[in-house]
Ligand SMILES: NC(=O)c1ccc[n+]([C@@H]2O[C@H](COP(=O)([O-])OP(=O)(O)OC[C@H]3O[C@@H](n4cnc5c(N)ncnc54)[C@H](O)[C@@H]3O)[C@@H](O)[C@H]2O)c1
């Protein structure tokens, strides 16, 4: 399977990409004690148009109630279920260098339903170190930590080792891989790969900035652009 083919049959990939944002906004609203929210208010909280939000939620079979809006906790539960977050996911990170340390030390994954249960590296200077409360193990111990089909693998190794490490993750039973390495990975059917590439995101921003003629042409005081700046790279 090609790594760009990740998607679901019934929910468009662009909608899937926005579901985490809806979930986060609903968490904030629930914490503030709100029981219902209008599509306009929820759309504003996320920074999308309300028509797009209603369409997105209709893919989940959620239409809200006219004049009332959406039930905050009900919609939160529904989206969390669709994102597979009814129970937490286990995550293993391979490659505990600069990036791996930052990811392993980040405390925010647990709040979003992801438990970092394993850190792996083949560098003798790193193995045995404890990062974010988890001990770094050699890759040979992958089988002890990975529960087939229930563990997400994060790749933070150099590009030239990415395919080999990915193969080992898949052999251990990992079916979802988040790849930070600048390498195209080949995986068998049934395995999803998503790539994170901050440099590409910067290039996309640079493309838009160049198109707008922003470079070298910034007024002394930049007016607030509000959520518009966040829409530049929005998935449509
Ligand atoms: N996607 C992004 O936006 C982004 C941002 C920064 C870095 N990266 C990429 O992330 C990767 C890591 O970057 P870094 O700066 O942390 O590198 P780094 O050299 O600091 O760390 C790499 C780690 O991987 C380990 N490693 C190497 N081969 C291994 C193997 N076969 N098995 C297990 N561990 C192995 C090394 O021992 C080292 O600890 C690189 O591919 C880099 O290009 C991507």
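Yeah, the Cβs are placed from backbone N, Cα and C, and that goes for glycine too.
A TrEMBL annotation is a machine prediction, not a hand-curated record.
Note that this is a predicted model, so its numbers are computed, not measured.
Residue counts of the DNA-binding region (21-60) by helix, strand and coil are 28 helix, 2 strand, 10 coil (DSSP-based). The DNA-binding region annotation in TrEMBL covers 21-60.
As a summary of secondary structure, the domain 'CoA-binding' (84-184) carries 32 helix, 28 strand, 41 coil according to DSSP. According to TrEMBL, the feature domain 'CoA-binding' maps to 84-184.
In the shown protein chains, 13 other C-beta atoms lie within 10 A of the C-beta of residue 97 (NAD(+) binding site). Positions annotated as NAD(+) binding site by TrEMBL: 95, 96, 97, 98, 99, 100.
Apart from 95, 96, 97, 98, 99, 100, the residues listed for NAD(+), the same chain places the Cβ atoms of 93, 101, 102, 103, 121, 156, 157 within 8 Å of the centroid of those Cβ atoms.
Within 10 Å of the C-beta atom of residue 100 (NAD(+) binding site) sit 23 other C-beta atoms, taking all shown protein chains into account. For residue 96 (NAD(+) binding site), the number of other Cβ atoms no farther than 10 Å from its own Cβ, over all displayed protein chains, is 26. As a whole-number mean, the pLDDT of the DNA-binding region (21-60) in this prediction is 94.
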